[in-house]
Amino acid sequence: MTMALRNAFVSLFSCVLAISFCVWGKPATFLDDFQITWSDSHIRQIDGGKAIQLVLDQNSGCGFASKRKYLFGRVSMKIKLIPGDSAGTVTAFYMNSDTDTVRDELDFEFLGNRSGQPYTVQTNIYAHGKGDREQRVNLWFDPSADFHTYTIMWNHHHIVFYVDDVPIRVYKNNEARNIPFPKFQPMGVYSTLWEADDWATRGGLEKIDWSKAPFLAYYKDFDIEGCPVPGPASCASNTGNWWEGSTYQALNAMEARRYRWVRMNHMIYDYCTDKSRYPVIPPECIAGI
């Protein structure tokens, strides 16, 4: 038995011992774990619900959400973004506590582009109600040509945003330095496709071209593995959950190299270095992200 397989069995056994309601693997269909929350006429199920198409036109955008919230774990989806001239559109995949004041949120936002320009992905993190932690990366491939996997890993040690197997953002748990970290509020999984041409592309300089509508994005392989809420209270604190294992408490050497490569070659904005917004460097930037 390989070490990876042994660890998987140990994690599963630990979950069972703790009576943890852990979600393993991909749902059979979209509706197993998700529900349409906005404009059901603009979300179309494909292949018996194993994939979906999101539609944006002049009448409406659309959105969907998980049926349950989760506290720690890993969430991923395969997405094929809008092809061609998608300026002014935003395709978002995110987790949100859906609380009015003290909000926790982890965002992927894919900002549309003019044909031939790179697609930009913006990430943002809200912790204990404080956000405005934007980073932007130009993707190094055409995300509209095929499906790519976008993942949020969230455990007690850090939050990592992945594009395929490449980490593009890390937010460490630095509570010991009085830096907020989301760990008390469960979050739902959401996605939306909408018009935001007042800011999405080149700061709003590029407007949406409705003659190119409808704008279409595709999703498949919805995967949520985490502690559902409501569910056993012991799940989130169970150190036997696989996502809390030593393998996932920090980037490995290969991931660290890929992470540095992204930041050196593809990052185009980092709030940590924006002195016009933050004359004093935010503490989490000094502590290390």
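A Cβ is built for glycine as well, from the same backbone N, Cα and C atoms used for every other residue.
Keep in mind that TrEMBL annotations are predicted by a computer and have not been checked by a curator.
Note that the structure is a prediction, hence the values are computed from the model and not measured.
TrEMBL lists E105 with the feature active site, nucleophile. For E109, the entry in TrEMBL reads active site, proton donor. Annotated domain 'GH16' per TrEMBL: 1-219, in sequence order. If you look up TrEMBL, you'll see N113 marked as N-linked glycosylation site. The annotation signal peptide is assigned in TrEMBL to 1-18.
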Distance, E105 (active site, nucleophile) to the residue listed as 'N-linked glycosylation site' (CA atoms, angstrom): 25
Candidates E109, N113: member of the recorded positions with the richest Cβ shell (10 Å): N113
Cβ neighbour count (within 10 Å, all chains shown) around the residue listed as 'active site, nucleophile': 20
